[in-house]
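Trainee: Before I ask anything, here is the structure I am working with.
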Amino acid sequence: MKKIYLITHGEATHGVNKRVGGWFDSSLTEKGLEQARLVKKKLVDSGAIDDITKVYSSDLKRCQQTSNEIFSGTQLPIVFDSRLREMSFGKHEGMDQDEHNKLIVPASPTGDRENHRICEGAESRGELFTRVESFIQDVYEKSDSSIAVVTHGFSASFVIAAFQKLKLDSSGYVSYRFEQGKYTVLVEDYLFKNRTLAYLNV
């Protein structure tokens with residue numbers, strides 16, 4: 001079976017300081033680094049670390065720190081790819097979270113959700129889906145072995161959606177909840193080619 005080991009970064013300074021994340025280039029806190037070390041221990045203890053042949057990570061600092069902390073000493077190559085970044089929040093990145101919450105315009109439950117922009121300059125869900133999908137097509141589809149993907153809490157949902165070949169118009173509703181210090185396993189079986197969300201938050 002070919003797998004994606006999907007990992008989201010741990011606690012970061014923007015969250016602690018109540019700032020909007022997105023492409024705002026915050027760092028992991030000490031707790032976030034400890035959460036990365038916990039993921040490493042789980043991967044080692046389960047033997048999953050030996051199944052991974054290459055690591056792909058968002059190029060934002062908090063994901064770089066996460067991937068370096070988890071895979072240090074393994075000799076696994078780490079490739080930093082901007083397509084794995086979090087959704088961009090445009091002019092609101094780094095803004096006080098409470099101020100952001102007052103200004104955002106939530107998507108309609110029945111409207112054109114995939115093209116909706118929550119604030120000025122933000123990416124739409126459809127744009128996020130399209131760039132993550134291009135990563136899956138360029139990297140995962142051309143790989144014959146298991147990989148690890150280190151990304152962000154919201155964009156990770158779109159990794160699952162693209163992996164399972166959901167359509168663009170589904171992107172307006174896709175959402176999974178990821179826990180820090182844990183990882184998720186996506187599995188493609190070689191016989192039937194089914195694509196399964198096998199384990200969420202291990």
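Positions of Cβ are set from backbone N, Cα and C atoms, glycine also.
Just so you know, TrEMBL annotations are computer predictions that nobody has curated.
Because the structure is a prediction, the values reported are computed rather than measured.
Summarising the annotation, TrEMBL assigns active site, tele-phosphohistidine intermediate to His9. Marked as substrate binding site by TrEMBL: Arg62. As annotated by TrEMBL, active site, proton donor/acceptor applies to Glu86.
For each feature listed, report its degree of burial, its nearest neighbours and the pertinent distances within the displayed model.
Mentor: The Cβ of His9 (active site, tele-phosphohistidine intermediate) lies under 8 Å from the Cβ of Leu28, Gly32, Ala36, Ser58, Arg62, Cys63, Gln65, Thr66, Val150, Thr151, His152, Gly153, Gln180, each of which sits 6+ residues away along the same chain.
Following the DSSP three-state reduction, the secondary structure of Arg62 (substrate binding site) is helix. Take the CB of Arg62 (substrate binding site) and look out to 10 A: across all protein chains shown you find 28 other CB atoms.
In this view, Glu86 (active site, proton donor/acceptor) is surrounded by 24 other Cβ atoms within 10 Å of its Cβ, with every protein chain counted.
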Trainee: Let me know the DSSP-derived helix, strand or coil state of Glu86 (active site, proton donor/acceptor), please.
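Mentor: For Glu86 (active site, proton donor/acceptor) - judged by DSSP and reduced to three states - the answer is coil.
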Trainee: In which DSSP state, out of helix, strand and coil, do we find His9 (active site, tele-phosphohistidine intermediate)?
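Mentor: In three-state terms, His9 (active site, tele-phosphohistidine intermediate) counts as coil.
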